[in-house]
Amino acid sequence: MEPAGLAVGIAGLIGVFSTCLDIIERWDSYKDFGAEFGSLITRFKADKIRFRQWGQRVGIDKSKHGDGYHKALDDPSIRPVVDEILQSIKHFDDDTGNFTSALRPISGSVDTLAHSKTVLPRGRPQFEKYQGATSRKSRLGWALRGKTRFLALVESFDALVQKLYDLVPPDQTVPGQIISEGRYSNLASLNDETRKGLNEWLDTHDSKQMYDDFVRRRLDGTCDWILNRSEFLQWQLLPSNNAKLLWVHGPPGYGKTILCARIVQHLIANSGASLAYFFFSSELETRENPFAIMRSWISQITIQNRDAFNIAQEKLEATDGCVASRTDIEELFESITQNIPECIFVVDGLDECAMRENDSKMIHRESLLEFLKSLRDIISKSKSRLLVVSRNEQEIRQGLNNKTTRECELLELQILPQDVESDATMFSQSIVEEKLANKSETQRRELAHRMVDRCESMFLGIKLLEPDLVGGQNLKQLRRLIDEAPNRLDRIYDRNWERIRNLADDNRYRAFSILRWATFALRPMTIYEITEALLLVDDDCGELDYTELPDAVDEVYIKTRIVELCGSLIEVRKAELASGVGHSTIHLSHFSVRQYLMTHMPACADELITNEQLRSSNEAIQSNILAKTCIRYLNCQDVWRGIEQLERVDSVVQAFRGYAANSWHKHVKQEIINSKEVTRLINLFFSPANENWESWRKNSENALQNRMIQYEGEVLLGNPLFYASLLGFSETVAHLIENVGIDVNCVDSSNRTAILAASSKSWVSGVIQLLKKGASVNIASNKGRTPIYAGASEGCVEIVKLLLEEGADLTVATKDGWTPLNSASSNGHIEVVKLLLEKGADLTVANKNRWTPLDLASYNGHIDVVKFLLENATDVAAANGSTPLIRASSNGHDKIVNLLLAQQNVDLQFSDVNGRTALSWAATKGHKIVIELLIADERFDGNSQDHTGLTPLMWASQKSQDSVVELLVQHGCCVHDNNMYSFFFQVAMFMMHKAFEEIAAAMHFETDDFTLELAGLFKEIE
């Protein structure tokens, strides 16, 4: 039956949206309520603009007449929710009159008070002087009731507008409109370059496309069972200091990823918390690094929350711009979770990291355990929640059960066949309805249930049976087919693999090639890309024969030349934003297929890797096969013809170029049986006379750059030796110097050398190799970066030591004023710091932002570096407009604060250029442990004012740090008299749940008739 909300239709949505616009225009009457409401009014205005733009961009604005609306509004699971959100906004009008009557009488007096220059006298406050005809009770009633409700409305409006952006992101809407990209838009006003710079520093992966794909693939009505499970409700509804971790686990093939996407969809629609998700996949280039999850989460939260963005931006500005290290990411994630209340973090597919098969399996296992331990520790100290969806793997269990605190309870929800039986039946019925439409309803129902029983409710098993269902078979044959079908994944794959092995030679080779790309490519390949790559049929093929391309890349081609060759081992997914089927991508049907192919994919020709111990080397061998294909492709003239012209995006021609150009070097593996052939191809490709190499270099220049080796202007002619060093190809470096004759100190137009490239990649053997060939250690790039600076930034003590032995100058600073010691201190590389100081580095030199090495280490929480610098420093007093104590306090590093407080010459009362002390910054950001340390020191003045007249207590109240406000009040912090009235408005919400007499006494207000009357009013209001 059609959902009731769907009946509204697009016309109905247009009408409701128009009504909502009229209502929020009336809310503009609040704009004259004075400075006291400035921040709320600003939030409201921004949300109003976002709301109007959303309607215009998804096509439901009245001027669009329903033409060209967003296709997501056709989704029966989305449109009713959109209508419900719009109806909620519409009914906000019920409260508008209440606010108007409550606010308007006092608007003038509040404005007068806010702009008055009169210094109020001590003693009894003279409210009558400002209130006019408004009673004291009315004014305080508004302070505690009206403003609270107005704030609630603004926050609700903000949340609902955000939900609209989440459900229907305006990214592919009305033709001809230019719209901003990204999952969220509430920070769209931020400079694009600033955001881009932050994401480059985070080096993050966007999960949104994968999430959208999984949401589309979910069959309507499935996966809702989990939303009513007691474990999920307990995790979702209990107070944030309990049940923060929920682990949903089950066997392979039971739809865990689609289930996770449904949970995320539910949380987006029903939770007001900031939410970040990550879908781990063997198709991701970052599949071996679980900390990529944390990077992505940070990026998503900074898009949703301005405070989080500011925290991340501060962290970035305190570094020298290199890609954030693991330590940076952990510290930043912890800071965000402590300062942004009740975030929700979701990760799916951690087992795909735990089950990677390669030479460094134990290393990756340790990395996963370290990630889970770090994640659990951070979550336990915050109000955030964590949801993990995966198989029941021992590594994951061990990491999540690492009980470092009593405050982090782990809930488990095991997926059993009976949990998904209903969903599996619906899924089976959908397949039977499509494949066996010629059968009767009774027969289809029987066969669907038969498939579910045979596969024990395993979605993947049911899906893999789909190709075998043929409408021309009779009921008896179909029953036998289902009953005799293998019900274990390995047996299902065996049957498919045997069929591929028996194909004719050309088809078998083509099937192997498709499976190889689907299994070992760094990302999913499009139909266009893989079709062009398949033109290189063997190692002797040196040119592209475009006459072998299909007449058309259409559904028939995909079915007969790709899908039918590989069977159920692969699936083709249509691209959401693409117009043609050629942009569809090829995927393995399940992660378990990859595990199967690891032991079955031929290393060369039809030779199988059957020895279990050779599985890891087989991955490297297969990767080198792909590298060879990419290099041979890039060395073809046809690849680069017409590169300056606008390329057709709907053509097979040159479709593979982007992947080959950016990924070939990532596929190269050394010391494998086919490594020599790969090296030979690289050496030929890197010949200075090879025009194809220069074309590749120009095409890929931006992708190869990082902040350490970035250049100014255009590099007119590339230096093959620089790029060979950058990519770590030792034999090619030797070939270029010894056989080709390139000068080891050759520089490009950005003045970059090969040894700078090697140092920036911590390639120790490469640096040694270049030094032996006479490389100069003091040539700086146009950005002022030297090899020793690059080595120090990366924390490679071996390289720094080698360069110092060769006479490297450790005093050379970059154009931003960063010395090697600045960078090493900022990044926490203690051994490098020790070595540089031992060699005479000056620890007082600040960068252009006036941050010293001690400032940088203190701010970034590197306590070992701070200890060492303090031992070697003569003075930690104020310098350059701030102190290490302020830096550490603002970022919540309590251990460093404690260390600095123990220094005799530290100035506890020093204030920065804004007049703010360490206590002021700690109070603003809610760092309670730091505050306790500071106020326990008798040298501290907890009531100092900054240049705007605000005290630490007022900063805490302004930032809604209620627990900090209570802590400061308990320790005698108060509000200066001339700020008392504005302060009442700021902390009214905090005071509502306290008896006023207790608060007033703690804040040292005079207990006179006014105070008693005020206390009575608070009690009455409560």
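Keep in mind that glycine also has a Cβ here, set from the backbone N, Cα and C atoms.
Look at TrEMBL and you will find 244-391 tagged as domain 'NACHT'. Residues annotated as repeat 'ANK' in TrEMBL: 783-815, 816-848, 849-881, 880-901, 948-980.
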Helix, strand and coil counts within the repeat 'ANK' (816-848) (DSSP): 16 helix, 0 strand, 17 coil
Integer average pLDDT (0 to 100) for the repeat 'ANK' (849-881): 83
Tally of DSSP helical, extended and coil residues in the repeat 'ANK' (880-901): 15 helix, 1 strand, 6 coil
Counts by DSSP class (helix H/G/I, strand E/B, coil) across the repeat 'ANK' (783-815): 17 helix, 0 strand, 16 coil
